[in-house]
Amino acid sequence: MSEATWWYRGGTSKHDLHYRREAEVNTTLEELLLYFIFLINLCILTFGMVNPHMYYLNKVMSSLFVDTSLPDDERSSFRSIRSITEFWKFMEGPLIDGLYWDSWYGNKQLYSVKNSSRIYSENILLGIPRVRQLRVRNNTCKVYPAFQSLVSDCYSKYTVENEDFSDFGLKRNPEWTHTPSSRTAPWHWGFVGVYRDGGYIVTLSKSKSETKAKFVDLRLNNWISRGTRAVFIDFSLYNANVNLFCIIRLLAEFPATGGLLTSWQFYSVKLLRYVSYYDYFIASCEIIFCIFLFVFIIQELRKVNEFKSAYFRSVWNWLEMLLLLIFKFISFNETMSQLSSTLSRCMKDIVGFAIMFFIIFSAYAQLGFLVFGSQVDDFSTFQNSIFAQFRIVLGDFNFAGIQQANWILGPIYFITFIFFVFFVLLNMFLAIINDTYSEVKADYSIGRRPDFELGKIIQKSCFNVLEKLRLKKAQAKEEKKMQNTDLAQRARREGFDESEIQEAEQMKRWKERLEKKYYSTEIQDDYQPVTQQEFRELFLYAVELEKELHYVSLKLNQLMRKLH
């Protein structure tokens, strides 16, 4: 029995626990290092794919095609046109002038390539620009009988069911005939409709004069009419100086209410990926990223294979996976560990609160849309009402607009929304998080915390290194020696003899040795294995403590008798 080990609830030996603890710490540090490498690699990939020249290229193209003034009207541009007449002025003026550049200052020839355009002398116009139109059929809406004698034609809003597929106008030319839509082509989401590909397509010429003559012919023959619902202008550029392509789309929508709405899209992309040495460095980072991704997927598949279907049974397991994706290693810090613990504990309450919050929030959005939708742009659609209310919460709102739209319901809507959503619901949300955070702080204060924190692990490692270098150990011994000397001198001044001082110092050394061995915070398990030899030492230590307490009790009795 001398070397036998006592077991508690199937526990392992102290040596095995310590070894397992050290292995866990080393594995965690290795994973942390790999995770940092993965994050650095991911950041390089993310920022390496963004070029600061993208913004300036988009800005230059936007200034040229969107903000250039119309002929004979310096206050109007594509951004502000509202009629078919202004649209044709744009087509025959700023659009043609922006697309076709063939000379520099003093009509100096820029290049020798025939029928080639370089916008701002640096951006090559790729291919041929295209203009296409989508139309709706006549009599696609119903007219009230009392007005049928006044309204002979009726063109509804654009939908796939209302779209016109028949040829019109000068049917002999391709721009007057319908081109079917491709099934794989993406749709475009505009202000008043969602539009698909196809329609009536006008392919422009590489010659500026021919393109202008074609626009004049289309205008004179009413290519844009009451049935027109959208006109798209699409073209692409390439700038070799910064190795960027710019894809441009200008859209003019003709809603069923009349008038004209314009929008635009400028996308600068880097399609030729590997040109410079830096591009090849990014390519190597992409390969490393794929390797990391493959390893992480294999690890997760192993966990799924180990736990089988139990891995996916709990909804909270999915939530924890999301939290781990964000807080994978920062939880080893006490502050961040409290944050992740707070979010995990209060998630159920937050989900229940969110349901109630969005019910009330959606009710107010519907009220705003119904009351102010016809007069205030922020509430013109239900989606706009939702975003407008988020802006109200953030302090960005147009109170004068809603008050002008309805001077009774406007203030009532605004005041009640601020009271219930801002003062009540948001404060309830904060109260949930505050209460949970208080509970987490209380648990941490009484020792209910994660098994270890990364900061303590690093601190311990540094301490071990210093001990090996004999820097920390010498300093600790010197401080301890000075402290013991001070205590001995105080004991002599109090009248204790040398034998009592030596006995106390021996008892203190024994106590420190046992506390270091049995009360160390390195092992946190509730059930520790104890050998027979260790139990004997603990028993002797308890006996010595009893003797010390008896000695202290005798001294106190002597002191009390002297006082009496």
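Keep in mind that glycine also has a Cβ here, set from the backbone N, Cα and C atoms.
Residues or ranges marked as transmembrane segment by TrEMBL: 32-51 (among others).
When averaged over the domain 'Polycystin' (78-272), pLDDT in the model lands at 89. Annotation source TrEMBL lists domain 'Polycystin' at 78-272.
Per TrEMBL, the feature disulfide bond maps to Cys141-Cys154. If you take the C-beta of Cys141 (disulfide bond) and look for same-chain residues 6 or more apart in sequence within under 8 angstroms, you find Cys154, Tyr155, Ser156, Ala256.
The transmembrane segment annotation in TrEMBL covers 277-298 (among others).
Per TrEMBL, the feature transmembrane segment maps to 310-330 (among others).
In the domain 'Polycystin cation channel PKD1/PKD2' (323-440), the DSSP tally of helix, strand and coil residues is 100 helix, 0 strand, 18 coil. TrEMBL lists 323-440 with the feature domain 'Polycystin cation channel PKD1/PKD2'.
For 350-372 (among others), the entry in TrEMBL reads transmembrane segment.
As annotated by TrEMBL, transmembrane segment applies to 412-433 (among others).
Sequence-remote contacts of a segment are chain residues at least 6 beyond its ends whose Cβ falls under 8 Å from one of its Cβ atoms, and for the transmembrane segment (277-298) they are 34, 38, 41-42, 44-45, 48-49.
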